[in-house]
Amino acid sequence: MGSQVLQILRQGVWASLTGGWFFDPHQSTFSNCFHLYVWIFLLIFPFLLYMVLPPSLMVAGVYCLVVAVIFATIKTVNYRLHAMFDQGEIVEKRNSTMGEQEEEAAQGESSLPRDPGVEMTVFRKVSSTPPVRCSSQHSVFGFNQVSELLPRMEDSGPLRDIKELVREQGSNNVIVTSADREMLKLSSQEKLIGDLPQTPPGVVPDPSLPSTDSSERSPMAGDGVPWGGSGVADTPMSPLLKGSLSQELSKSFLTLTRPDRALVRTSSRREQCRGTGGYQPLDRRGSGDPMPQKAGSSDSCFSGTDRETLSSFKSEKTNSTHLDSPPGGHAPEGSDTDPPSEAELPASPDAGVPSDDTLRSFDTVIGAGTPPGQTEPLLVVRPKDLALLRPSKRRPPMRGHSPPGRTPRRPLLEGSGFFEDEDTSEGSELSPASSLRSQRRYSTDSSSSTSCYSPESSQGAAGGPRKRRAPHGAEEGTAVPPKRPYGTQRTPSTASAKTHARVLSMDGAGGDVLRAPLAGSKAELEAQPGMELAAGEPAVLPPEARRGPAANQPGWRGELQEEGAVGGAPEETGQRECTSNVRRAQAIRRRHNAGSNPTPPASVMGSPPSSLQEAQRGRAASHSRALTLPSALHFASSLLLTRAGPNVHEASNFDDTSEGAVHYFYDESGVRRSYTFGLAGGGYENPVSQPGEQAANGAWDRHSHSSSFHSADVPEATGGLNLLQPRPVVLQGMQVRRVPLEIPEEQTLMEEAPPRAQHSYKYWFLPGRWTSVRYERLALLALLDRTRGVMENIFGVGLSSLVAFLGYLLLLKGFFTDIWVFQFCLVIASCQYSLLKSVQPDAASPMHGHNWVIAYSRPVYFCICCLLIWLLDALGTAQPFPPVSLYGLTLFSASFFFCARDVATVFTLCFPFVFLLGLLPQVNTCLMYLLEQIDMHGFGGTAATSPLTAVFSLTRSLLAAALLYGFCLGAIKTPWPEQHVPVLFSVFCGLLVAMSYHLSRQSSDPTVLWSLVRSKLFPELEERSLETARVEPPDPLPEKMRQSVREVLHSDLVMCVVIAVLTFAVSASTVFIALKSVLGFVLYALAGAVGFFTHYLLPQLRKQLPWFCLSQPVLKPLEYSQYEVRGAAQVMWFEKLYAGLQCAEKYLIYPAVVLNALTVDAHTVVSHPDKFCLYCRALLMTVAGLKLLRSAFCCPPQQYLTLAFTVLLFHFDYPRLSQGFLLDYFLMSLLCSKLWDLLYKLRFVLTYIAPWQITWGSAFHAFAQPFAVPHSAMLFLQALLSGLFSTPLNPLLGSAVFIMSYARPLKFWERDYNTKRVDHSNTRLVTQLDRNPGADDNNLNSIFYEHLTRSLQHTLCGDLVLGRWGNYGPGDCFVLASDYLNALVHLIEVGNGLITFQLRGLEFRGTYCQQREVEAITEGVEEDEGCCCCEPGHLPRVLSFNAAFGQRWLAWEVTASKYVLEGYSISDNNAASMLQVFDLRKILVTYYVKSIIYYVSRSPKLETWLNHEGIAAALRPVRALGYADSDPTFSLSVDEDYDLRLSGLSLPSFCAVHLEWIQYCASRRSQPVDQDWNSPLVTLCFGLCVLGRRALGTASHSMSASLEPFLYGLHALFKGDFRITSPRDEWVFADMDLLHRVVAPGVRMALKLHQDHFTSPDEYEEPAALYDAIAANEERLVISHEGDPAWRSAILSNTPSLLALRHVMDDASDEYKIIMLNRRHLSFRVIKVNRECVRGLWAGQQQELVFLRNRNPERGSIQNAKQALRNMINSSCDQPLGYPIYVSPLTTSLAGSHPQLRALWGGPVSLGAIARWLLRSWERLHKGCGAGCNSGGNVDDSDCGGGGGLTSLSNHPPLAHPTPENAAGSSEQPLPPGPSWGPRPSLSGSGDGRPPPLLQWPPPRLPGPPPASPAPTEGPRPSRPSGPALLNSEGPSGKWSLGGRKGLGGPDGEPASGSPKGGTPKSQAPLDLSLSPDVSSEASPARTTQDLPCLDSSIPEGCTPSGAPGDWPVPAEERESPAAQPLLEHQY
C-alpha cells in the first residue's frame, strides 16, 4: 500500500505538476538525467532571458528559435531512431566487455557467427479495451498461471518432516508427493558424487538418432558417448523488416546442439539446495551480505505510468541469490553492474509491450553430456533479469580443479541466438520456435509461466528398457547426494522475489533423483569458463551461450499471442502465413472485446473431458477462495510427480497390472509406446523412441483432443531437436495461494529474458553514410514518447514554438511580476515538456496506458489562454464596442475586458493544479463539449455523439441561422405600416418554423444521410461495399435505417411546405398585432395549463408510486394486473390523450407563442429602436426563435416550466429588467437547463451522503465521512460551478467527499466501446474445436441484450411519445429490469420523432452487490407498514410513512412496473439431469437414429447416394450373414438395437427395431424407393446410424460409463465436431452432405425430441406422429450451436423458437445446459435514475482506476449502495472500468417504426401517398356514382372504407390487440414472428404461409405504374406483423400515408398488392381454407396475437371481416423462422 501511494505521488501528483517529469528509479541514470536536464532547461531558459536581457521581440524570436531547434533535433532523432529500429539493420559487434581470460576460454568458438539479436517491436493493445479485472467472473487462473500459485517452502534445516511442513503452513494445503518424500529422505544424506568418467571431446552427435521417451529414456548422442565441443550449424537470423519481430526467418533455422545437456537456471529465490535437494535455510548469510528486498512496485494493467509506457528498467531491486558453487571451484565475487540499457524493460500492458517481468524471464539452458551409465545431475539456477549471465570483467577462474582431459564445452545454444525475438506477431501462424514443429512440455515457472525444456539424461546405445543406475558408490536405486563444498562464495545477483517453486528436471523412469550442487550465482557462472561440475558439466557459459537464449521461449510467447493470451500486437501488420502442426499451448486468459470471461483451458495432453471437468472444478474452488490447487496443476502433478515414485517398474508379463507396471506396445502407426498402470502413469500412453527411429516418432502429441492418440509430425532434424522432446518436471514444494485478480495477463505470462547480444544498428544520417548506434527501442520509448508521423512531429515542433512565443509575449507585456514570473515559466516548461514526455496516465485521461491525445492538451490550452489574455487586453485598451447594459450587467466595457483578462491570467498560472485535479478534458473531448453546448443552448440543437457529429450539427445550425438572418434583417430595417405585418417578415416566420421543424427531425449523425447520398451519387461504391458485406450474414439494420431516414426526408418535403404556407398565412394576418395585449397571456396560460396537465399530472398518475404517497398507479395499463404478459401492450385512452396533447403543444401552442413574441418584439424594435443596433437585434431574434422552436419540437416536457418562470419573473417580479419576451424566454431557457442540472446534482449528493442510509464500502469511507461535514460549503460551491459547466460531481474513491471533474458532453463516456461478438465466424477452427471460445454465460447471453436493443430500436421512441417511460430528456438514464435481463439505457439525443440511445447489459447472475441492488429495484414497498419505530399500518393503496420517506431518499424511482417489450424467454435445463441414467441416454440415441433415417429419406440426393458405387461397395459387407460391428463404443445399455448374440450392431437387429420407421419415411417420399430389409436404402441407413453412433462414442470416450464424457461427446457433435476415426466409416467422405445434411441435423433433432419426451413420453410411438413432429420442428425451430453465426442471425431475425446445447465453462461452473428460447413479450420494470448520479459515479470510477491506480477488485466504490445503485451503475461502465456483458452501439429509434403510434397518427405523408389518395378518392367517387345509378346497387365491400389503403397493404390482419378471450388459446403456442427485422425467406414454394392463391381472383385495378410490392398473387405473410412490413409493401414512391379517416392517404392510401384485406369480393363467398385440424390450431394464435392496432375505424377492434386474409389459417409447415433454410443447414 505504501509503495503504491508513493508511486501515485511520484508518477501522478508530481508528474502532473511538472508536466510529466519525475524521477523514476526503475529507469537508467542516463534517462533520468536527460529528463531532468531537459526540464530544467525549459524552465530556466525563459526565466533567465526575461531576467537578464532587456524585453524585446528580438529576444522572443531568439527564444522561439532555440526552442524550435532543440525540439526539432530531439523529435528528428527520435523519429529516425524508431525508423532505424523498424528497418532492423543490425551491425554485428564483438563483445567488448569480455575479459581476456574469457576470450581465451572461448578461443575455439571465436570463429562462430555472433548472435545479431533481434530488436523488440513495440506492442500495443489488440483492442482498445484492457481486460476485465473487476468482475465476479474473472478470478480465474489458467494452466500456465501455476507459477503464481506455487509457494516457497524455505526450510530451516537440511531435514524437515512432512508433519512439520504441514504444521508450518497452517491452513495452506501442501501437496507432498512421492518425489517430495524422496527429497526429504535424501536430504539427510550428504555424499559427494564421485569422479565420473570423462568424455573425449570432438564426438559429433548423429542427427538420425532418435529422441528418447519423455518419461522413460534420455536423449542419446552418437553411440551413447557424449560429445565434446564440436562444430554446429551456424544459420544466422535474418534482419527484421519494418520493426516487426514476426518476419520471415532465414532460409535455414538455427540448429540446436547437444542433446545430452542438463538444465541450468539461476534461481531468483533466496534459497539453495543442499546435496540432493534437501531444504536449506536461505537466510544464513555472512554479516557482510546485503539483503535488499523487492522494491514493491507492483504494476498492473491499471497503472499507466511511464513504466507502462515502455520506459521502465528494473521493477525489482537486487536480491541476494545464494547458490552452491561447483565442488572444488572458487567463486569470486562479482558485481552486478550491468549496463542499464540492457535491462530497460517495459511494465505496461497498455503501452503495448509486455510487462517488466514478461521480457525479463527467459530461461537459459546450458550443460554438457553425461556418461551413459550415469544419471546426470541437475543444475537449477534461475535468473530474473534481462542482463542474464552477461559477461563482465571478473577474476579469472581457477582451472586447476577441472578434471584432466576435458576442454571447455560449447554452450547448448551457440552462434546466432535461437529466436531471440521473444515477441512475435499476434496473428502469425508460426511463432519462431514453433516453426520447428516440435512437441514440447512446459514447466510451470514461477513468475514467468514459460516453458522450459528438460533434456533427458544420457543413455547407452542399447535401446532396450532403461535400468535404474546409481552413481559411483551408491546402491541400486539409491541416490547419493554430493557434499556441499565448504568455501562457497555467495554473490548478490539481481533476481525477482516472486518465485515460489523451483522446477527441477528429473529422470522419468527411475525412481531416484540425483542432484548435483547448484551452480553459483551469476558472477560465478560468468567468471569460470574452465570450471567443471562434478558430473562433468561446465559451470560457465562461453560467450556464445551468454548470447543464446533458450529456444523455447519465443515460440511459447508467440503461441500465447496467437491464442489471444498476450495482449499485444506488433506495430506493423505484416504477418507470416505459414502452416504449423504444432499443438498450441494453453492460452491463459483469452481477452474478448466483449469483455467476457477468459476462455478456460482445453483438456490438456489429449485428455478426455474428465480432466477438463476437473480443471473447471479447480477453477470453481479458486473462485470460492478455497485454497485448492487448480486442476491443471493437479493434473500436471499427478502425471509428472508420481512417476518418480519407487513403484514404477517394468511389467513382468502381459497380465501384470500392478501399481506402476510399465507395458510397452506398438500403436497403429508403428510407434512404440509405454503405458504405466496406476497413478504413476497418469492414465496416458507415452511414445518410446527406439534406435534408428526418426525423432518425429518419439514425440508425444500432448495436445491432441481427438479420441485417438497419435504422434506429432516432427520433421527429420538434427540431434539438437532432441532438446525439444517432452520431459517431465518436478514441481517442488507446491502450495497454493490466492492469485489477486489484478494480475495482468502480461505479468502472468512472464518469460525469462535471454542475455542480449551486444549489437548495433545502422543509423543513416546521410544518404550512403551511416554510423553504428548501440541502443534499443525499449530504452528509447522510456526516454521519449513516440511520434509516428512526420506531420505529427512538425506539429509538435510548431506547437512548442508557439508556446514559447506566446508565453514570452505575455512576459514582455508585463502581466506577471515577482514570483509569478517564475510560476509562469514553470507553466511554460510543463506545457513544452509534455510534448516530449507526457503525463501518463493524466488525471483527465479516460483510458489506461499511453494516451497520445493528452500530450497535446497542456500546450493547446496554454496557447488558447495566452491568446485570450492578449485579446482581452487589446479589447480593453481599444474599447471597440460601446458598453451595453443587459439585465443589469454592463458588458463590453474596459473594466469588463480587464476583469476577464485577469481571470484568464490567474487560471493560466494555476495550470499545474488544474491539470492535477483533471479539470480540463483532453482536447477532442473539449472541442466536442464546446460545440455541443453552443449548438444546444444557442441554436436548440440536439446532443452530439462524436466530435464529427458536433461539427456537422453546429455547421447545419449556422447555415440555417445565416439563411434566416437575411430575411429578418430585411424585415426590420424597413418601417412597418400600422396594424400590418410586412410580407418579408411573414416569409421569415414561415421559413423559421419550417426549418426548425426539419432540423428537429434530423439526427446529428450524418452517417445514414451520407450513405443515402452515396448510394444515389456513387452507386458503384455502394455495390462494392455490399459485395464486401456479403461474407457475413446480412444485417437488415442498415437498410432499415436508410429506409426510415428516406421516409422522414420525403415526409419533411411535404410537411415543411405545408407548415411554411400555414405559418405565412397566420403571420400575415394582423392577429398578433391586433391582439398583442391579450393574446400573449392567453397563449401563456394555455401553454402552462396544457404543459402542467400533460407533463406533470398525467405522468404522476401513471407512476408506480404517485407522489411517493400512493402504492399503485392511478392510471394503470391493461397489463398491470396480468401475472404474465401475453401480447403487446394495449394503447390506453390516457396514452392517446398524452400523445394528442403533446402534438397540440408542439405544433400549435408553442409555435404560436414564439410567433407572437417575434411579431411583438419586431414591431417594438421598428417603432422604438433600442440600445441594440438593428443588426444585433436581427441576430438575437433569429437565434432565439430558432432555439425556442427547436426546443419545443424536440423536448416539450421542460418547456412549460421555462415559460412560466419567464412570465412570472419578467412580467410580475422584475418587469424593468425585461429585454423583450423573446430574449427573456431565450435567457430563461438557458438558465433553467443549468438549474435542472444543479437540482439533479444536489439530489444526488444529498441522497448519497444522507447519514441514515450511508453504506460504507470500505474503511476509507468510514474515515472520510466526518471530513464531508466541513467540506459541505466547498461542496455547494463545486455544485454551482459543476452545474454551470455541466461537469460531474464524483465521490472521491466512492466516499462522501465529492470533487468536481472535468466537463463532459451529454454522451459523457469518451470511448466508443461496444461489444464484439465471439462466434465461429471470427475464431480459428482449432480454437473452436479445442477451446470453444466464448463458451461462458456472459458471452453467450450478450446476444439477448443485442436482441433487446433491436426491439427497443423499433419501439422506444414511440413508447416515449406515448408516455410509457414517464418524462424524459436528453441525457436521462433508465434501468430496465426483468427476471434475468438488467440493462442500463442512456438517452443521448432526443429529437422530434427520434431517440438515440445506448444499452448496456449487465451480467445475468452478477455479483452479490448487484443482486442486492436488483432486489431493491424489483421488490415492492406496498407491504411496508412501518412508521418510525412502530408498525401501525397504512391506509388502503397508500404507502406507510417509512416507505414514503425511504422512497424520497433514493436517486431512482420506478416509472413503470409493466413495460412490455418483445424478447426471448430463456429456459435452461441441466442436461446432466436429463441424461443421468442409461435409459434416458438410450432414448436419446434412439431418437438420434430415427432422426438420421428421417433426414436420409427426406434428402433430395438419396437417389445419388443409393447409386454411388463407392458407398455401395463400402456397405456391401454389412449384408453378410453374421456381420456385426463390434466397436467398443456400442453397448446394450444405450443402443436399443444391440445384438447380444454377435456383441455388436448387426443389420438384422437394426431392422428389427427401425425397419418400420424406415419404411414409413420412405413411403412419405414422392418417389418410391425399395424398402426391403436388405435394400440399399436400409443398408445406407444402417451404415449412417452406425457411423453417427461411433462418432458420438469416439467424441465422448464412451469406454467410460460416466455421464460427463457422454455429454462432452454429445456437445462436440452438436457443434459439428465430427471425428471420423474408424477406417470402416471413411466411405462417408464420398459426399460430405451425408455429414452436413444427415448426421449433423440428426443429433440436433434428437435433442429436441428427447426434450419433448419428458412432456409426453408416448407421443411419438406412432411413426406418423414422429414424422410430423420432426417436420414441424424442422420448419419452426432453429436448432444450432450458439457459436454458429446462424444462431445470432436467427435471434436478430426474430425467430420464434430456438434450441441449443450450451457448455458453460465459467469459473464457478462447468455444466451442460439445454437452452430453449421462445419469442414472446416480456415485462420489464422501468427505473429512472438520476442522470447526475450516473455521471458522477462513472467519473469517480475513471479517476480511481486510471489516475489513482486502485487495483483492488473489491474496492469500496463498487460495493452496493441501494439508494444510488452504485454497483449496477459502476458495473455498466466501459471495460475495464466496469464489466458489462454487452454494450450496444449508438442506436437511433424513430417514431415511424412504432406500429401503434403509426396507427394513431397515420404515419408519414409523402407526395406519392397524396397522389394515390387523390386517385383512389376519385375512383371511389366514380364507383359510388355508378352504383347509385344502377338501381341503387350496393358498393363493393372492398370500397367501403374497410378494404383499401394502409390496411390492404399491411401484412397483418387489422386486429390490433387480442382480448383475453381470443388470446387465451395462444399461450401454449409460439407467437408469430414479430417485427420483420430481416429477410425471412419461407421454406415452402409459395413462401407466404397461405394456401395456393386463388388465381381467379381479379387483382385490384390500380391506375399508374405497378406498385413496388409483392406480386398480386403473393399475399400477406403472418410472419411479418410489425410496422416495418408496411415499409416494404408500398407503392412506387414507397411511402406511408395518413389514416383514411383523417383524409390524407387513409387506410386507402396505399395500393393493394394482393387481395383486399377489408373483405372478400362480392363475387366470392368466404372460403374455408383450413387444411387440417393441426393447421387451424396453428393458425389461430397467429391470427389472435398480432401486434398491430386496428387501422380502420369501420372495423371494430378485435374483429376482422370474414374471409379476410387475416382469417386465413397458417399451415404448420409454412410457419417458418426468419432465418429459413440457411439457418437450418449449418456449415461445419
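Each Cβ is built from the backbone N, Cα and C atoms, and glycine gets one as well.
Long-range contacts of the transmembrane segment (33-53) within the same chain: residues 18-19, 21, 23, 59, 62-63, 66-67, 70, 74, 783, 804, 807-808, 811, 821-822, 825-826, 828-829, 832-833, 836-837, each at least 6 residues beyond the stretch ends and with a Cβ under 8 Å from a Cβ of the stretch. What Swiss-Prot lists as transmembrane segment is 33-53 (among others).
Sequence-distant neighbours of the transmembrane segment (54-74) (same chain, 6+ residues past either end, Cβ-Cβ under 8 Å): 38, 41-42, 45-46, 784, 796-797, 800-801, 804-805, 808-809, 811-812, 832, 835-836. The annotation transmembrane segment is assigned in Swiss-Prot to 54-74 (among others).
If you look up Swiss-Prot, you'll see ASN95 (among others) marked as N-linked glycosylation site, on the strength of sequence analysis.
The feature region 'Disordered' is assigned by Swiss-Prot to 96-116 (among others).
What Swiss-Prot lists as phosphoserine is SER127 (among others).
Residues or ranges marked as phosphothreonine by Swiss-Prot on the basis of similarity to another entry: THR129 (among others).
The region 'Disordered' annotation in Swiss-Prot covers 193-239 (among others).
If you look up Swiss-Prot, you'll see 198-208 (among others) marked as compositional bias 'Pro residues'.
The region 'Disordered' annotation in Swiss-Prot covers 263-625 (among others).
The feature compositional bias 'Basic and acidic residues' is assigned by Swiss-Prot to 263-273 (among others).
The compositional bias 'Basic and acidic residues' annotation in Swiss-Prot covers 305-319 (among others).
What Swiss-Prot records for ASN319 (among others) is N-linked glycosylation site.
The phosphothreonine annotation in Swiss-Prot covers THR370 (among others) and rests on similarity to another entry.
According to Swiss-Prot, the phosphoserine annotation covers SER392 (among others), on the basis of similarity to another entry.
According to Swiss-Prot, the feature phosphoserine maps to SER431 (among others).
Summarising the annotation, Swiss-Prot assigns compositional bias 'Low complexity' to 444-459 (among others).
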*asked:* Please report the distance from the Cα of ASN1770 (N-linked glycosylation site) to the Cα of SER1697 (phosphoserine), rounded to the nearest angstrom.
replied: 34
*Which listed stretch (793-815, 819-836, 946-968, 980-1000) has the most C-beta pairs under 8 A with the transmembrane segment (1053-1073)?*
980-1000
*Does the transmembrane segment (946-968) make contact with the transmembrane segment (880-900) through 3 or more Cβ pairs under 8 Å, each pair 6 or more apart in sequence?*
no
*Just name the winner among SER1697, ASN1770 (the recorded positions) by count of other CB atoms within 10 A of its CB.*
ASN1770
*Sort out the residues at least 6 away from either end of the transmembrane segment (819-836), same chain, that have Cβ-Cβ distances under 8 Å to it, and list them.*
17-21, 38-39, 42-44, 46-47, 50-51, 67, 71, 74, 784-785, 796, 799-800, 803-804, 807, 810-811, 854-859, 862, 908-909, 911-912, 915
_Beyond the flanks of the transmembrane segment (880-900) by at least 6 residues, Cβ under 8 Å_ = 872-873, 1171-1172, 1217, 1219, 1227
_Close approaches to the transmembrane segment (1244-1264) from elsewhere in its chain (Cβ under 8 angstroms; 6 or more beyond its ends)_ = 1275, 1279, 1289, 1291-1298, 1449-1451, 1730, 1732-1733, 1736, 1755-1764, 1766
